[in-house]
Amino acid sequence: MEDKPLGILRVHVKRGINLAIRDATTSDPYVVITLANQKLKTRVINNNCNPVWNEQLTLSIKDVNDPIRLTVFDKDRFSGDDKMGDAEIDFRPFLEAHQMELDFQKLPNGCAIKRIRPGRTNCLAEESSITWSNGKIMQEMILRLKNVECGEVELMLEWTDGPGCKGLGREGSKKTPWMPTKRLD
């Protein structure tokens, strides 16, 4: 029997910024996002180191501790595709924002709920804001690619409690379905 997912994470892959050159003067980039046994990819944008994908990839989240990996590749016709860098998407702060005891409906549109600064434990290129926008919690982020000389990818995250999903619960409850608690008393 397969466990129900906690929910659905939509990853809107917006664009690449100053991606590495892997062909003679440019690259043909695409993005691959992996989570556990799920692997999704964008279309290839030919001859462009600043591609605009504007694509939405949807992941089913069963365990919030599974890392989400983003890898950019250069499509090659006659040889293997070249890696153009990678990053890990830390979406735990985003999920924690969903747990906050706030009446989100009373917040003004575009209100920042939480800010995450770049640091050694994340791949953020700049501060990222989790906002209440159009009745949803969203997080815009720019990830700095690792293992490459240059390049960033702009994303937006959006959580959905899909049909048949467990959901995230609320911080005030005794136990949330996504983060087990253990009392020591």
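Glycine residues also receive a Cβ, built from the backbone N, Cα and C atoms like all the rest.
Within 10 Å of the C-beta of ASP74 (Ca(2+) 1 binding site) we count 20 further C-beta atoms, all protein chains included. Annotation comment: Swiss-Prot describes ARG22, ASP23, ASP74, ASP76, ASP82 as Ca(2+) 1 binding site, evidence class similarity to another entry.
The Ca(2+) 2 binding site annotation in Swiss-Prot covers ASP23, ASP28, ASP74, LYS75, ASP76 and is backed by similarity to another entry. Sequence-distant neighbours of LYS75 (Ca(2+) 2 binding site) (same chain, six or more apart, CB under 8 Å from its CB) are ASP28, PRO29, TYR30, VAL44, ASN46, ASP81, listed in sequence order.
Mapped onto DSSP classes, the domain 'C2' (1-104) shows 9 helix, 47 strand, 48 coil. Marked as domain 'C2' by Swiss-Prot on the basis of sequence analysis: 1-104.
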Cβ neighbour count (within 10 Å, all chains shown) around ASP82 (Ca(2+) 1 binding site): 16
Greatest C-beta neighbour count within 10 angstroms, which of the binding-site residues ASP23, ASP28, ASP76: ASP28
Cβ within 8 Å of the mean position of the Cβ atoms of ARG22, ASP23, ASP74, ASP76, ASP82: remaining residues of the chain near Ca(2+) 1: SER27, ASP28, PHE73, LYS75, ASP81, MET84
Integer average pLDDT (0 to 100) for the domain 'C2' (1-104): 92
